[in-house]
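These features come from Swiss-Prot:
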- Cys203, Cys219, Cys222, Cys224: [2Fe-2S] cluster binding site (BINDING)
- Cys285, Cys288, Cys296, Cys299: [4Fe-4S] cluster binding site (BINDING)
- 139-156: compositional bias 'Low complexity' (COMPBIAS)
- 285-299: region 'Fe-S binding site B' (REGION)
- 285-288: motif 'Cx2C motif 1' (MOTIF)
Amino acid sequence: MPAPVPPTAFAQPSGPATQLVLGSMQRAPEYQALLTSLKSAAPPSSSVQGEMVDRILDNATTLPPPPLTIHLVLPLPLPPNLLSAIPPSTQIFIHIPADSESQLGALHSALASHSFTPVLPTPSPSTLAYTSPSAPSLPTVASDPSPAPSSSTPVTLSGARPLQLRRNGDKARKAALWAIDSPLIPDGGKSLLTPADRTRPDCVFPAENGKPVKRRRACKDCTCGLKELEQEEEAQTSAAVQEAQKAFFLEGDDDIPENLKKATEGMEGIWPADKRAEAKKTSSCGSCYLGDAFRCSSCPYLGLPPFKPGEQVQVSIGDDI
């Protein structure tokens with residue numbers, strides 16, 4: 001550990017300033033010793049504060065307002081974001097740790113890259129003094145005095161610049177940006193259309209004054225072709241209903257009565273094609289045919305699990321009906 005520096009070596013000729021000691025856990029004993037010595041020698045008009053550098057870098061706390069003097073009791077190299085967080089025109093004292101002469105060159109280069117100015121002479125061989133760069137001032141634009149305006153001289157503002165009009169870009173580039181057809185597709189994208197895209201949509205007129213629009217029906221002696229369109233639409237609807245009934249009729253765990261459903265031999269649970277159109281639901285609840293258990297109070301199979309038509313039902317004494 002280097003020899004301790006007397007606190008009077010860090011006195012500021014410009015007046016009292018807040019002294020902040022930034023330390024780390026790697027150099028905790030040196031940090032505590034310097035903080036104690038500065039507090040014992042500080043005049044009543046100045047204050048000495050201590051803070052861990054990680055709290056400053058993590059924005060857990062902020063630096064005191066200027067005027068400010070910062071003591072860095074940190075291992076080398078210094079954290080990359082520390083130098084940029086130091087306020088302008090702030091004097092810093094870097095307390096060099098022992099056996100770190102090989103890293104002094106990189107330290108001076110880092111300080112010079114951030115425009116820190118060295119302060120000579122240094123308080124001690126183990127302490128470096130630097131001053132952070134001052135805040136940049138706003139540039140002032142000097143303007144020549146303009147003559148008094150007259151009736152023949154146009155009035156212009158001092159320091160005004162001529163208005164720069166934006167020139168039109170390449171017209172071919174703009175046209176390609178908004179083009180509908182792509183040169184990458186030879187047919188202009190027509191091959192990407194599906195049969196559903198090519199189908200002409202139905203013309204449905206919206207309701208007026210809240211009254212629904214009635215659909216025009218074909219006459220008995222229709223000759224305009226509307227009757228054929230209605231028949232084709234009804235055929236498509238009927239085919240869709242029959243297709244939807246297939247999935248229902250092919251279920252083998254329903255309980256439709258036997259007089260409405262007769263399975264073919266060897267294909268139990270499969271309805272014959274001629275019986276599918278004749279089958280209708282007769283249940284009041286509509287759940288028994290969907291494979292649900294018998295739950296209606298008037299059902300003779302109340303409490304039994306669903307079974308297939310034609311299956312022999314055996315109820316044991318232990319069953320709770």
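Glycine too: its Cβ is placed from the backbone N, Cα and C atoms.
Swiss-Prot feature annotations superimposed on the structure.
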residue : record                        : contacts (Cβ under 8 Å, 6+ apart)
Cys219  : [2Fe-2S] cluster binding site : Leu226, Lys227
Cys222  : [2Fe-2S] cluster binding site : none
Cys224  : [2Fe-2S] cluster binding site : Ala218
Test of understanding: give the count of other CB atoms lying within 10 angstroms of the CB of Cys299 ([4Fe-4S] cluster binding site).
16
Looking only at Cβ atoms, how many others are within 10 Å of the one on Cys296 ([4Fe-4S] cluster binding site)?
13
Looking only at DSSP and grouping its letters into three states, which state does Cys219 ([2Fe-2S] cluster binding site) belong to?
coil
